[in-house]
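Read the structure below first, then the notes.
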Ligand SMILES: N=CN[C@@H](CCC(=O)O)C(=O)O
Ligand SMILES: [Zn+2]
């Protein structure tokens, strides 16, 4: 079959192995690396990848050929944990953090997430749309082609709905594909006066069914943490969400280990997020239950903490892991997934192959799209990140610089020389 497009002479193509599920433990050290590689694209999908001169049968009169000598190709990167849609920003908390005030103390004083809730409530749909679209543009030029986006800066129905509708609309208009997560259980709203049980009841009876009915999200998530939601409250909400056929995630063991990991294992959530404070026992339970550990080292960095999630221990225990930005205005204001990947190496001692598997094939399965993205398997979407690098080590070694040159989404060039097309 003739290709519409042929991208040829890559120094390397990184191609994850697709086992029809996230790669676990030692499997994360495996990948196919093709030297002098080509990628053939047909109707926006991967037709074939190979090495050397492409077969004559792939080339027709209308086939466009692009030379990528000296470059690296990987599947489009997948950011599987973001708080994309929000009003305002929180640089006013930066000085406090520098002076040693903790993240949870800022929240307790009505700042942190609650301050972003106030800004998000007062922002119009259009303001939120423009701001989020701009953030997605930044992510795209850094090589990201799919993003998971959580609500959770509304806490009331109208604002949560506004956030999820922004995600829905951007999924139609922006080149990046979005996966929506409902996370009203992100903080206890001020009007509930610290009564987490009552707020969870309210979410279960008043919000969850509407999210389902209006098809506003695929996943449900909760922040299980000291001073936020307990393990019991998390269990109750996630069980109710599971009964309505939502897929589940949980923010667990971010700062303190308060039982979120047990809930993840019991309910077999797709993933558990953060895990900076996870115990060996918790790792064992998640491994047994097949929970993906979604690690967010940019958050540790931004919180000025030094406890990075024990990625190696999780791999040794046979878990699958992903890495993502956690892009949000408080604990990780960034759009640069490459920096997060570099932290995966520098701070968690993951290898480049493990890191690229984490943000491609594993992230794809963690957002429920493993059948269509995350590897260069024939028939998957031709989402491609082209790096100004000759091999997969270079973009992890040369840090804090955008090394993604071009990005293809569904076979179309959407970013060229680090600029939107
Ligand atoms: N930890 C809870 N939620 C976000 C932070 C949100 C915020 O601080 O605005 C996180 O994943 O880090
Ligand atoms: Zn988060």
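Count begins at 1; order follows the chain as displayed.
Placement of Cβ uses the backbone N, Cα and C atoms for every residue, glycine included.
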Among 68, 129, 153, 408 - the residue TrEMBL places in the same N-formimidoyl-L-glutamate site as 328, 330: 153
Annotated companion of 81, 83, 251 at the Fe(3+) site, TrEMBL, chosen from 4, 177, 326, 383: 326
Candidate sharing the 4-imidazolone-5-propanoate site with 153, 186, 254, 331 (per TrEMBL), from 90, 381, 418: 90
Pairwise Cα distance for residue 90 (4-imidazolone-5-propanoate binding site)/residue 330 (N-formimidoyl-L-glutamate binding site) [Å, integer]: 6
Close in space, distant in sequence - residue 330 (N-formimidoyl-L-glutamate binding site), Cβ under 8 Å, 6 or more apart: 90, 93, 103, 112, 113, 116
Per-region confidence, the domain 'Amidohydrolase-related' (73-414) (mean pLDDT, whole number): 97
Remaining residues near the recorded N-formimidoyl-L-glutamate site, that is with C-beta within 8 Å of the centroid of the site residues 153, 328, 330: 83, 86, 90, 112, 113, 116, 152, 329, 331
Inter-residue Cα distance where the pair is residue 328 (N-formimidoyl-L-glutamate binding site) and residue 81 (Zn(2+) binding site), in Å: 10
